[in-house]
Structures are given as C-alpha cells and as structure tokens.
Amino acid sequence: TVLMQLFEDSGNTDVEGIDTTNACYGGTAALFNAVNWVESSSWDGRYALVVAGDIAVYATGSARPTGGAGAVAMLVGPNAPFAFERGLRGTHMQHAYDFYKPDMVSEYPVVDGKLSIECYLSALDRCYSVYRNKIHAQWQREGSEKHFSLEDFGFLVFHSPYCKLVQKSLARLMLNDFLNHPSPNTETGPFMGLDAFRDVKPEETYFDRDVEKAFMKASAELFEKKTKSSLLISNQNGNMYTPSVYGCLASIIAEHTPSELAGQRVGVFSYGSGFAATLYSLRITQDHTPGSSLDKLVSSLSDLRLRLDSRTKVSPAVFSERMKLREETHHLASYIPQGSVEDLFPGTWYLTRVDDKHRREYACRPLDDDLPAEPEHIRSSAAAEHIPSPAKKMPRIPAAMAGPEATSSN
C-alpha cells in the first residue's frame, strides 16, 4: 500500500493488489497474478502495474560483492510488444533451507551455498523438462513432430545471483538437450565431442567439473548469441533479488534494435530460494516499425548504459563504511538518514526520516537541477476525496478470441 501514496493526487483508490513475497520469485508471482487478472472476468479494461524491487546485502565476506539493489516496473495489458505464450510454463516448487533470513534484526541472510546451487540447477532441470513437454504437446496438436531445443529460443534470460551461474545455467540446458535427444550427433555440430557424457544422470552432475566444463565450452556460442546481452545490468549492478531476471529482460531490450527483437521467443527462468521456480516464454511482436509499441519500448531503454555509466564510483572501503552505518541504523527510530541528496539521480525517491514509531517518510528529488531548500515530502493524508477510476472501460476479450497470450510489456 505504500505505492498508493502516488495515486492520492488523482483520488484513485480503486486499485487492487498487495505485496507478493517469496524470496526472488515474488516479482514473477505478482506478474502472473497481473496477467491472470487481465485474462479473467474481473478485468475492467485497465492496465495492471507490477513493481519488483529489492535490496541484496550481505555480511562481510565473499558474497558481499555480488549484492545490489534495484526495481523494475512492468505494465500489463492488451496489445503489448511482449506477449505471454499461453500454456508454455514449467514450474517447480519444493521446500529447502537453501537461503533464508531467520534473524529479523539483521538484513543478512543465512546461505547454504552448495545447497543453494543444487536447488537452483535442479529447479532449472525440472522446469525445462515440464516446459519442453508442454511445447511438444502443443506442436503435436498442430501436427508437428519437431524436437524442441535451445535453438527454438531467440533469447534466454535467467535469475542472476551472479553472472557465472547464468552461463552455467545455459550450459545446463544444453546438457538437458543432449540427454533428451534420441540420437545426438557427437561427430559434428554443437554436441561434438560430448559422447562420453551420454549416460550421465543429471541429478549426479550438479558439481561435476568435467560435465560443467565440457558443456560450458559447447554452449559458448549460444551464450554469446542468446544470453550474454542480458547481463548488462547484472554485471554492473549485482544481484537485485526480486527484479533480477526482469533486469536481464530489460538488458536484452536495451542491447538490441527493434528489428533484432521482432518475432523472437524469449525464455525466462525465474527462481526464488525456499524454493520456487518457473520457466516461461514471451513472444515479441513482429511489428518493429517506427512508432510501434516495440519501437517505443526499445527507445525508453536506449539510455540504460548511460544511466549505469553515470553513477558515482566509490572505493570498497567507502562502501564498507556505508554498510556498517546501515547495520548500525537498521532498526533505529527517530532517525534521519545521513547523506547528500545531490548524490541521487533526479526523480529518485529517498528516505527522509524514521519517526519514533518507526514510520518512514520519503521525498523525491526534483527532475530539474534546482534542489528546493526543503524537500517535497510525499503526501500521507488519508482524507483525499475518492474519485472513481477514470479508466476507459474496454470490452473483455473472450478466452476463445484472446489469441495465444495475455500481454505484458516492460
């Protein structure tokens, strides 16, 4: 409900939706809920808005440099440039203590590193298997006996705890393709030289260095073509937890032209510890003409590299000092944060104070360069007059006419 403060000036309180939390999977669950609403009899013609945001911080040690923070907003509605492929979703959920936060006084997680990797890779195996079975079933109903493989994805994006795991994940999917292929050619082509691994069991290979090395080498070209460009944000911003995979999707959009994206299938693997995972696919519109929805979407992210490059660099020592300050003030009441607003990008929302009852107040740095003497705080009045949603009512699309998808755009 914090975001509802942004709707106060319009008087629109007819907004339905709440926080969805499940480690790094929460944003995906919220996105699925939004798509399901647009497809349902409850839909009243308005867009759905999904905001995935998180902060990944770690105690001093090897994990700390992988941390990051960020948010990705997604608008869901009809005629979007990115569309969900109906029926093509493979999900795996299982209980495990791979990564969790039992200490509510600390932001830092307890991580079982080896178990966490095993859970991630086993979930990837299972989700890919379910997805592959579903797309095969679709194709068979259409009269096609085609064998599905990684080549049927134009791009592949993954939840990105750290970038090396993403590269290993693509190699893992190639291993799945290899083991699932009825008669792979190991003399030439992508499976060349992999005959020695024909009889391996996937569940015994999570930490097999020989298998990992062989398939990372075999999948190197596919990685360059289908996945590497998705790591623009992850490489420079670290793990964002919930929005991580959607930062990878935004990176794909920012790194390609509309014509390069048009018509492609994008595979999306979302994972959250505990654990929950889904592999689904999006189909990009064929229309890449100037002024099209795809063209506008690409244009909106054309400055992504510039935004990343315009950040202020600080030394690891300074970063550690700021993390120590964060630790010391994490649960303080009657607290005013330290720092300069001038260090923030124009348009940034920032915490101004925490009162004696732990209530938080925020302000927004103006979009222009002139900073006011006093920041303009976000309104918190609950007495705003209610005005019904001004959204134009749009006729619900019957399921039989809705085409292959509910739609989503970044």
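Yeah, the Cβs are placed from backbone N, Cα and C, and that goes for glycine too.
Feature list (source: TrEMBL):
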type	residues	note
ACT_SITE	C24	active site, acyl-thioester intermediate
ACT_SITE	H159	active site, proton donor/acceptor
BINDING	S116, K164, K168	CoA binding site
COMPBIAS	368-379	compositional bias 'Basic and acidic residues'
DOMAIN	1-81	domain 'Hydroxymethylglutaryl-coenzyme A synthase N-terminal'
REGION	368-410	region 'Disordered'
**Q.** Among C24, S116, K168, which are recorded as recorded positions, the nearest neighbour of H159 (active site, proton donor/acceptor) by Cα
**A.** C24
Q) Expressed to the nearest Å, what is the distance separating S116 (CoA binding site) and C24 (active site, acyl-thioester intermediate) at their Cα atoms? A) 13
Q) Does C24 (active site, acyl-thioester intermediate) have same-chain partners at least 6 apart in sequence with Cβ under 8 Å from its own Cβ, and which are they? A) D54, H159, Y241, T242, S244, V245, S270, Y271, G272, S273
Q. Tell me, by DSSP, whether C24 (active site, acyl-thioester intermediate) is helix, strand or coil?
A. strand
Q.
These are the recorded positions: H159, K164, K168. Which one scores highest on other Cβ atoms within 10 Å?
A. H159
(Q) For a quick check of understanding: given the listed CoA-binding residues S116, K164, K168, what is the maximum Cα-Cα distance in angstrom, as an integer? (A) 14
Q. Which three-state DSSP class does the residue listed as 'active site, proton donor/acceptor' fall into?
A. coil
